[in-house]
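TrEMBL lists 119-139, 203-221, 233-251, 271-294, 315-335, 378-396, 408-431, 437-457 with the feature transmembrane segment.
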Amino acid sequence: MLESRLISLLRQNKDLGVKISSNLGKWGFAAAKISNEASFSTLNQYRLLSSLPKLAPYSRNFVRRTFVNYGLRSFHQLNHKGVHRASFRKISTVAASAAENKEGLKFLVTAGPHARKMVGIWLFASAAWVFSMVVLGGITRLTRSGLSMTDWKFTGSLPPLTDEDWLVEFEKYKQSPEYKRVNKGMNIEDFKFIYWMEYAHRMWGRALGIMFALPFSYFLRKGYITVRLGFRLSGLFALGAGQGLIGWWMVKSGLEEPASEYVEPRVSPYRLAAHLTSAFAIYCGLFWTALSVVMPEPPAESLACVRGAAKVRRLALPVGILVGITAISGAFVAGNDAGRAFNTFPKMGDTWIPDDIFSMKPLIRNFFENTSTVQLDHRILATATLAAIGGLWLSARKLDMHPAVRHLIGSTMGMAALQVTLGISTLLSYVPVSLGTAHQAGALTLLTFMILLNHTVRRSSPSLLKTLPSVAKMV
């Protein structure tokens, strides 16, 4: 075996072994003892290759193959205590491990890597729960279930359990404008469906509050959470509690009689946009905080990669803001039911720009209440978002950056193209529930990619910059 030949050769050349150990010591790593049972870590193998000019060609090839097999394409190199094998792990876990012994680095979670892992899992799970809430909310809106419950309690209540209870709830719904103008003649079974949809959405949100509060209390008691993280999570929890109030404030607007008898009752587009924006804000806050817990340092191989990340950062931030604005404009499309108008693309009907886009007074109302203007705005913003992400992708191809950042930008470009395709398909299909839900989930997924990209290219700490070579060495 080539491995046994390498070990035998190193044993015969003790002076060379001492030289290798001294070189590794300069970089702050401890060389593993050369024996039949031990092996160098991936990073030590990488350093070792440049220190073996006297080794036979077959030995150098062996080391090269070992390095490639153990993680040439991984996001970042690990350096745990003892001997380990590098693996294709998530970028967040890798970066956290690499930053373990950095001096001056302030962690959001105390008590070591295990505590950071536990808190990180909890925060990622909470963010995923919010994601599911957004998707469920989209289904509730598309099935016109949101106005089926005509009252609201902060703590919630049991659903109807008997036929008499169902009849009571149904009679309440019959007094609403939606039943009188849209669902007149609905039977009790159809009512039960929309009621259960809205009830599930509300109770899923309350369950999220419990799921967040209990681990939060536990981690606080254990002393894992720092003051800075505690204040941040308390703010997110308060915003989540307020989300229920915003939701009822939104639903209440749909239970009021419309100004005109020719207008279908629907919730206020302003309140719907506020409800969706709040949900997106909670999700972004949880996801960013979770990344900060498990990835205290951004991935970096060299100072050249850091400079490349800085250039990407200047572009990624405004593009991320544009993605968020486009998503919020979609809330006004939903609030005005504008997706069921002008179901053609690229033209809106027979024209590129409808004639009535500025028909409302004052002028500003058209951008939030005029069906034609709202849809035109969303089309323009979606096209601009795709072009901006495409420009980011093209610009990044010429930069020296970490492979993880490059792959992430490529994934974001693919997701942007998919989201535009979903939007056009939803429009041409007259907004079916399946495509409409997928389009809303796609918006949050694209925003997730932008959050991850901005977090990955953020500034590195001075302690990390001191340890980086000018240019990454290639093997």
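Just so it is clear, glycine is given a Cβ too, placed from its N, Cα and C backbone atoms.
The transmembrane segment (378-396) shares more Cβ pairs under 8 Å with 408-431 than with any other stretch in the list 119-139, 203-221, 271-294, 408-431, 437-457.
Here the listed stretches are 119-139, 203-221, 233-251, 315-335, 437-457, and the one with the most C-beta pairs under 8 angstroms to the transmembrane segment (271-294) is 119-139. Across 203-221, 233-251, 315-335, 408-431, 437-457, the stretch most heavily in contact with the transmembrane segment (119-139), judged by Cβ pairs under 8 Å, is 203-221. Under 8 Å from some Cβ of the transmembrane segment (437-457) lie the Cβ atoms of residues 91, 131, 134-135, 138-139, 142, 280, 283-284, 287-288, 291-292, 295, 298-299, 309-310, 312-313, 316-317, 319-320, 323-324, 326-327, 330, 404-405, 408-409, 411-412, 415-416, 418-419, 422-423, 426, all in the same chain and six or more residues away from its ends. For the transmembrane segment (315-335), the list of distant contacts is 141, 266-273, 275-277, 280, 368, 374-375, 377-378, 381-382, 384-385, 388-389, 391-392, 395, 439-440, 443-444, 446-447, 450-451, 453-454, 457: same-chain residues at least six beyond its ends, Cβ to Cβ under 8 Å. For the transmembrane segment (203-221), the residues of the chain that approach it from at least six positions outside its boundaries are 115, 118-119, 122, 125-126, 129-130, 132-133, 136, 155-156, 230, 233, 237, 240-241, 243-244, 247, judged by C-beta separation under 8 angstroms.
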